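Participant: Here you go, one structure.
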Amino acid sequence: MCSKHKTQLYKELATRFRKVANQTLHTDSPDLPECFQLSVLSWLPCVYLWFACPPYIFYLQRNNKGYIMMSILNRVKTVFGLVLWIVCWTDLFGTFHELQQGDTKPPIYFVTPLVVGMTMLLALFLIQFERLSGVQSSGILFIFWFLSVLCAIVPFRSKILQAKYQSEISDKLRFTTFYFYFSLIVAELILSCFNEKPPLFSNIDTDPNPCPQSTAGFLSTMTFWWFTSMAIKGYKNPLEAKDLWSLNKRDSSEVVVPKLLREWEVEQAKAHSAEDQSTQALYSKPLPEGESNHVGGESSPEEVEVLLSKTKDPKKPSFLRSLIKAFGPYFLIGSAFKLLQDLITFVNPQLLKLLISFTKQKGAPTWWGYTLAFLMFFAAFLQTLILHQHFQYCFVTGMRLRTSIIGAIYRKSLIITNAAKRTSTVGEIVNLMSVDAQRFMDLTTFLNMLWSAPLQIILALYFLWQNLGPSVLAGVAVMILLIPLNAAIAVKTRVYQVEQMQYKDARIKLMNEILNGIKVLKLYAWESSFKDKVLEIRQKELNVLRKTAYLGALSTMAWTSAPFLVALTTFAVYVTVDKNNILDAEKAFVSLSLFNILRFPLNMLPQVISSIIQASVSLKRIQDFLSHDELDPESVDRNNTATDGSVTVVNGKFTWAKQHPSTLHNINLMVPQGSLLAVVGHVGCGKSSLVSALLGEMEKMEGDISIRGSVAYVPQQAWIQNATLRDNILFGKAYNEQKYRCCLEACALTQDLEVLPGGDLTEIGEKGINLSGGQRQRVSLARALYHEADVYLLDDPLSAVDAHVAKHIFDHVIGPEGALQGKTRILVTHGISFLPQVDNIVVMVEGRVSEMGSYQELLKQNGAFAEFLRNYSLEDIIEEDEATEALIDEEDFPDDALSNHTDMVDNEPVVNEAKRQFIRQISIISGDLENPKSRSVRKRLCSERKHAESDPEKKLPKVDKLIQAETAETGRVKSKVFWEYAKAVGPLLSLVICFLYGCQSAAAIGANVWLSQWTNDAAQNVTQENVSMRVGVYAALGFAQGVLLLANCLLSKAYSMLRAAKLMHLYMLQGVLRAPQGFFESTPTGRVLNRFSKDVDIIDSHIPDNIDIWMRTFWHTVNVLIVCSALTPLFLLVVVPLMVFYWWVQRFYVATSRQLKRLESVSRSPIYSHFSETVTGSSVIRAYGRHNAFVLMSDMKVDENQKSYYPGIVSNRWLGVRIEFIGNCIVLFAALFAVIGKDKLNPGLVGLSVSYALLVTMSLNWMVRMTSDLESNIVAVERVKEYSETKTEAPWEVEDKKPSSDWPSQGNVEFRDYSVRYREGLELVLKNLTLSVKGGEKIGIVGRTGAGKSSMTLCLFRLLEAAGGEITIDGVKISEIGLHDLRSKLTIIPQEPVLFSGSLRMNLDPFEKYSDGEVWKALELSHLNKFVSNQPAKLELECSEGGENLSVGQRQLVCLARALLRKTRILILDEATAAIDLETDDLIQSTIRTQFEDCTVFTIAHRLNTIMDYTRVLVLDKGQIAEFDTPTNLLFQRGIFYGMAKDAGLAQ
């Protein structure tokens, strides 16, 4: 009975179900049963809201932004919510009322109104709760209202249908309440699209240009609509920096960097504690017998070290872990979006399956087709929105990573020890910031693919298995076989990349040195030697790039053919395994679309893995850098009060690096408060090291240092920032007019300011390039003086200035009567004349203090010091006494004699077409008053004007920039640039390449059209006969595609584009090396280096990739449109408007994004130039305690850069959403037209057109992206080209004017009416000089700073070209011969010794013209042979960057050795004796006297005693010859020279 009952029940259910199915599916006007409407449809939104609520409320409590005032919008929403609740409960009470009437309803009529009513109350609560938490627009509620409306549409329609079919409405109450309900939820949905006002007290009000994202609504956020305003602005006019939005607070350095540093400190602390435990364990182990060589078996520290190295390395702090802790949580939100998107991806192939089966059924109702088409569209659209949210999260994480890494590296670079600094050059650290931080940023975008790709692969395989069964395994096997191939390629590529990075590093390092020492290269005519060195490295780099390109071509081919090979094997196996397996359209095209989904994760995985490997290398580099030893802030005791000395060193032993032998040993010093201590000694005896030790810059091995009070430091080589002169002196202190003027007076800078074009507001170029050596030193001194510290460490500040200026500075600043009296001063000096006036003298010999005491005591002791003095300055001392009696005041000098010109050694004073420029600047400033920053500039100018007018001589400061801002090109990239690139590639080749891409694409289409023909066989049952033919042709077409692709890649990437890269770099290098000296003075090195690293890199590797992808996607898109239009000609109607919209969006995007990229790259170089400046000046920054201020400056520069990067990311998202919308429309119309024309089309063609349309989104997106990338990257071609076309100096060699090989044989030099200026539109520096010098004469050139002494030498070398007149040497006019012919025949010992990194041998003789014997001879004569032969490497001694590992004096001697090697007839000495102690100086002078006896020598002298025995002395004044005669006659004439001699104590 029971079973009978059951069967009856089943039958009843089945009939009922058939009835429902007939009512819903198989009818032309479908409807859903009322029970379903009331239960599922009504509960769906409610369930969603109740589940979403708790986590959302928790989130809001954590992120409260402050409350929002009640607004009309909010009130309306609340009222509607209340009414909704009332409406629902009216339903409920209605049901109760009916119950009383005796009309019992099913329970659903009670439950549903109750549930919906409660949910409305929850929504009401959320509306208010969000207002109090400061949410301006709610996503959660928007989705809720949207779902509610969606679910209510069905009952909305069915109630109308019921009313239509029945004469009167049966259930009037529910009919009415429902329509009330419906209109209210639609109203709520519309209202929730609008935004509330921002919360009270938010920083939106204070920000001049806030980012609209923070106030954007939910819809606007999802579609990135808030970016549109910038896209429009960027389309109308090119964007400028002032149009950019401020950075969101949460992305700024001040939030992001500390976050990472906190985590990193935790990591370091962990590692240290682990390390301490392991070392404790070691030390406590008793030593095994036989290891102890001391009584009692104590191990020496060396042994412990050996033991330590045997044990495993201590645990390193993990930088990765700190990154994950700091930025992981935010990134995970993006990952959640990615997961959703992956799942939705697989909806469309299932819908495609249904669509194809729909076209097969003849009698199916058409609404099925339309529903499927719209479902496809909706699924695709949802996928778009979610995908771009995911990208947004990833990119923002990447941006924060970059900010924080740069911040961390910058902070670290300020405190690493000198030993650590030696291990990594400035260039390498800048690379960490630029390249490695960038790698992390790029990685975050793909990181989710690590888990998402396997997930997609698994899902795709599952659906494929359902579709084709086990045959899928054949396809999978092919994929798996391809993986090791690609892995091998990836590993190899990785190796090549590391190699290429090394070459690139080496090349940039060399370029950096070339640019820093360009003046020396020009003076020595060494450019071609260095050019060859660069090109040699470049050639190696290109060879590696070529290998990479071969591998790239292989892997591209493997990946592009992969989906095809998989499809081929799968289909072939499927039809051959079993006679009954028939390949029909459904199976083929659904499988194809699944294979296409597979293609992306398979493509990405190896990329992600290689990108992870790259990032891991970067991670290690950054981690190593951040783990370097830091200077011990405690090594100098700053707050000691115990001793009475202001500076005390007890038993000090110091070294530059822990593992090196000590540089200074048993140093004992006690400097009383307020005394002046002089430190003297030979070159390289450790004087500067002593100062460094006092600053805490050296490793303290034993002993104690204490310094009482603050410190000011003047380094031996002045460190000048790229800022105004005033900022360089103030160095962060507040401006105090009177104190400032006193500092300038004391440091003898007042006169220099009169000459500088902008007074003290003149901008100083990088490394102080437009100041002379003496001025730089005085600015550095003025900075120290202005700082009013307690202890002054002065490292030979007087060496770079003239004798009388030195005297002035000593008297007014350093000496017993100077501005610093009463302060503790430690002065390293070579000037003997000042020693009698100091309190104490320390004599250093080979790193220890040999004697110490006052001047008189040391003379009495009769030790080394006395000996030293006796030799040098007996006459000095006597004269000194007399001079003091005469007490020469400055006023005694004839005033005009000491011309008030600035020294123009290696500077051109800055342009003076001033009025126009200045008026323009003022007008710009008043033009943008809305910008508060510029207002302050204006105020500043006014205040300056006030005190300018009070002083009648001073004119209004003409603010003029030496360094012109780097121009960001604006507007469209000119087609000329593309043509330039095509020319470099080869015009014919370019055409061939385009044609090949077309062919490859055609082959791909052919294969798919063939497949659709093949599936149609299934319908006609003619399968078995021609299976092999079908498979064969399909395979042939596919392989043709692969081969064409390979040929193309090899042709374009490995051959033609590399050739273009090679030529472009070559031309740029030539252009830069041929540029005149002026170019380097007005262009910061960083900018030129940027072209050689970043832009060359783009041409090497980015542009070829861009072109490749662009060509492929372009042809692919064209194909899709052709196929769809051919099948359903109606499609053309839709394509046209869609393409117009596409073109329109793309123009908006490209205009904006290109400009954003340009702004980004322009704002990037200041980060690096500020950084390299900081690294070189870190000791000064630390000494003055300006550490934090510089960190802030760096952060500001990084934020400024991210300000243009962030809109750049968003512009990509904005574009993506819009372009993919077009793609989704194409899918929609392809499906719709397939439904409309279903009778005419066979299933194969429907499958073909829709599966093609599903692919188009991707390629449209890539195409715009690549167009834009190409446009942004092709700018590199333009920038490289700009430098290859710079104005060049005269030719290096002029064939028909070549002088004879032994020229100049006599060495006669003649100036005829010679004038010169630094730049067009400037004053003459030398005016009408006429003089002639016989061969072999020795000429001393003297004159006040800025009289034009150095300019004369530059004229001889033609670094400055004549403005009038001429110079002849041995009867040859130097202006007619080639520059190299001229320069290689003159020798100069320049003012600043420049060494290049490389062997010492290379520094002396880069062309390898001379034998080793000759080189040793030169070293012997320049007194370096002892030093060099003591080195293990002898001549191959590696000089570090800039010769850092030699002392300044030794570098000077190396320059002397260069001169001795060249031994030309004419020698020029430019203040070469400045940084050397007297003994060495004497050696040099005697060497020059003996070795260059028969040569013509010009000496620019600071110390007059060096030129007292010269043939003649030339006194220059204001660029004219004031006196020219023998020294004796000049003294006799009592003119300018006599005054100078008297000042130096050489004349009575």
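Cβ atoms here come from the backbone N, Cα and C positions, even for glycine.
Grabbed the feature section from TrEMBL, which reads as follows:
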- 40-59: transmembrane segment (TRANSMEM)
- 79-96: transmembrane segment (TRANSMEM)
- 108-127: transmembrane segment (TRANSMEM)
- 139-158: transmembrane segment (TRANSMEM)
- 178-194: transmembrane segment (TRANSMEM)
- 332-614: domain 'ABC transmembrane type-1' (DOMAIN)
- 367-387: transmembrane segment (TRANSMEM)
- 446-465: transmembrane segment (TRANSMEM)
- 471-491: transmembrane segment (TRANSMEM)
- 647-871: domain 'ABC transporter' (DOMAIN)
- 936-956: region 'Disordered' (REGION)
- 941-956: compositional bias 'Basic and acidic residues' (COMPBIAS)
- 988-1011: transmembrane segment (TRANSMEM)
- 991-1272: domain 'ABC transmembrane type-1' (DOMAIN)
- 1031-1051: transmembrane segment (TRANSMEM)
- 1120-1145: transmembrane segment (TRANSMEM)
- 1215-1237: transmembrane segment (TRANSMEM)
- 1311-1543: domain 'ABC transporter' (DOMAIN)
Participant: Are the transmembrane segment (79-96) and the transmembrane segment (178-194) close, by which I mean at least 3 Cβ pairs under 8 Å that are 6+ residues apart in sequence?
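Facilitator: When sequence-distant Cβ pairs are counted, the transmembrane segment (178-194) touches the transmembrane segment (79-96), since at least 3 lie under 8 Å.
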Participant: If I count Cβ-Cβ pairs under 8 A between the transmembrane segment (1215-1237) and each of 40-59, 108-127, 367-387, 471-491, which range comes out on top?
Facilitator: 367-387
Participant: Are there residues at least six beyond either end of the transmembrane segment (40-59) with Cβ under 8 Å to its Cβ atoms? List them, or say none.
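Facilitator: Sequence-remote neighbours of the transmembrane segment (40-59) are 32, 112, 115-116, 118-119, 122-123, 126, 129, 140, 143-144, 147-148, 151-152, 154-155.
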Participant: Express the predicted model's confidence over the domain 'ABC transporter' (1311-1543) as a mean pLDDT, rounded to an integer.
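Facilitator: Across the domain 'ABC transporter' (1311-1543), the average pLDDT comes out at 81.
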Participant: List, by number or range, the same-chain residues at least 6 past the transmembrane segment (446-465) whose CB is under 8 A from its CB atoms?
Facilitator: 331, 334-335, 338-339, 342-343, 345-346, 349-350, 390, 394, 472, 475-476, 570, 590-591, 594-595, 597-598, 600-602, 604-605, 607-608, 611-612
Participant: What else in the chain is close to the transmembrane segment (139-158), if you only count residues 6 or more beyond its ends and a Cβ gap under 8 Å?
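Facilitator: Contacts of the transmembrane segment (139-158) (Cβ under 8 Å, skipping residues fewer than 6 from its ends): 31-32, 34, 37, 41-42, 44-45, 48-49, 52-53, 56, 123, 126-127, 130, 178-179, 181-182, 185-186, 188-189, 192-193, 218-219, 221-222.
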Participant: What same-chain residues lie close to the transmembrane segment (471-491): Cβ under 8 Å, and 6 or more beyond its ends?
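Facilitator: For the transmembrane segment (471-491), the sequence-distant neighbours (Cβ-Cβ under 8 Å, at least 6 residues beyond its ends) are 461, 464-465, 551, 554-555, 558-559, 562, 565-567, 569-574, 577, 581, 595, 598, 602, 606, 609-610, 613.
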